[in-house]
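> Take this structure, written in structure tokens, and hold onto it; I'll ask about it next.
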């Protein structure tokens, strides 16, 4: 049985994964899912510890010597305010690289699918560990003994937890904007990784250009998480919104420079990330509306709570409509559009040339002709993997 799909861009193909049997892919998916769950549970420990630092009363109860912080003016505010967010960002910094490593084991036949899978895993990891676990460990730690078996209390408990953690998320966005974008400009991780490769297994070989494509799997989830936090806190704590606006403005300046002068385009996804971004925004809206239902309940406004329920239903209907209306255009190319493209190529006299280029572009590197002059100058056997698919 043949499994067919739309052909990706030639530069996007991972030829080594094309030979993986189709029946093995579900096993790879299950293994990766188990690994992600284990990684999420493992990182729950440092996140809970960070929330313990954020509450000075709890920190003083667990670690009595911390009372000496009161002797130095301002030090207690730094330890309980900025330090938890900085530690949390330090732990989270390695997550995108771990997720892209796991997605490489999924057997994706294109780089774009691999990066999209990693992007999705990083986003849900951040939502689970940074958002929900911060709420649970920070505001509901004293209610662990209570029962959560009644679902009708979930919105009110979520609303109370969100209200109590406004200061922490405000500091988190500020820390993420300052430290995150600074690391993006300096890129110490890539510099250290390149230095390690040069001193170990890549030593003595010809150095490849220090050029990489934009790591969407690392950028989009963090921006989506900050968007989720801003949407949820837009009504509960409006003071957070100026920090979020500053985050987006600083990010715009940084990534305009990175896209124009630092990163290269190694492959084109043709807008395949838009459905993911749309899904992340819908998740943020749904969480905000559930939180508002609980918040109105805490404020003894039952009419406002019931009035928010239709808004939640309309959001879900709108999401379903968008999937039906727009999602197929990202996954399928209609016969009419393909015919129009062929007619345009015929009119421009480029149809035969495009057919020849496609035949050569979608050939595995092992079947491409070898330039022996280049092979002798670089060392025989290396040119087959370094020659581009499209001249």
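Even glycines carry a Cβ here, placed using N, Cα and C.
So TrEMBL has the following annotated:
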- 30-54: transmembrane segment (TRANSMEM)
- 30-296: domain 'CSC1/OSCA1-like 7TM region' (DOMAIN)
- 82-102: transmembrane segment (TRANSMEM)
- 122-141: transmembrane segment (TRANSMEM)
- 215-233: transmembrane segment (TRANSMEM)
- 239-256: transmembrane segment (TRANSMEM)
- 277-298: transmembrane segment (TRANSMEM)
- 304-322: transmembrane segment (TRANSMEM)
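Are these features on the surface or tucked inside, and what touches them?
Same-chain residues lying 6+ beyond the ends of the transmembrane segment (239-256) with a Cβ under 8 Å from its Cβ atoms: 166, 169-170, 173-174, 176-177, 181, 184-185, 219, 223, 226, 229-230, 233.
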> As a test: from 215-233, 277-298, 304-322, pick the stretch that has the greatest number of Cβ pairs under 8 Å with the transmembrane segment (82-102).
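Looking only at 215-233, 277-298, 304-322, the most contacts with the transmembrane segment (82-102) come from 215-233.
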> Which sequence positions outside the transmembrane segment (215-233), separated from its termini by at least 6 residues, show Cβ-Cβ distances below 8 Å to it?
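Residues 96-97, 99-100, 103, 115-116, 118-119, 122-123, 125-127, 130-131, 162, 166, 169, 172-173, 176, 180, 240-241, 244, 247, 251, 255, 273, 276-277, 280-281, 283-285, 287-288, 291.
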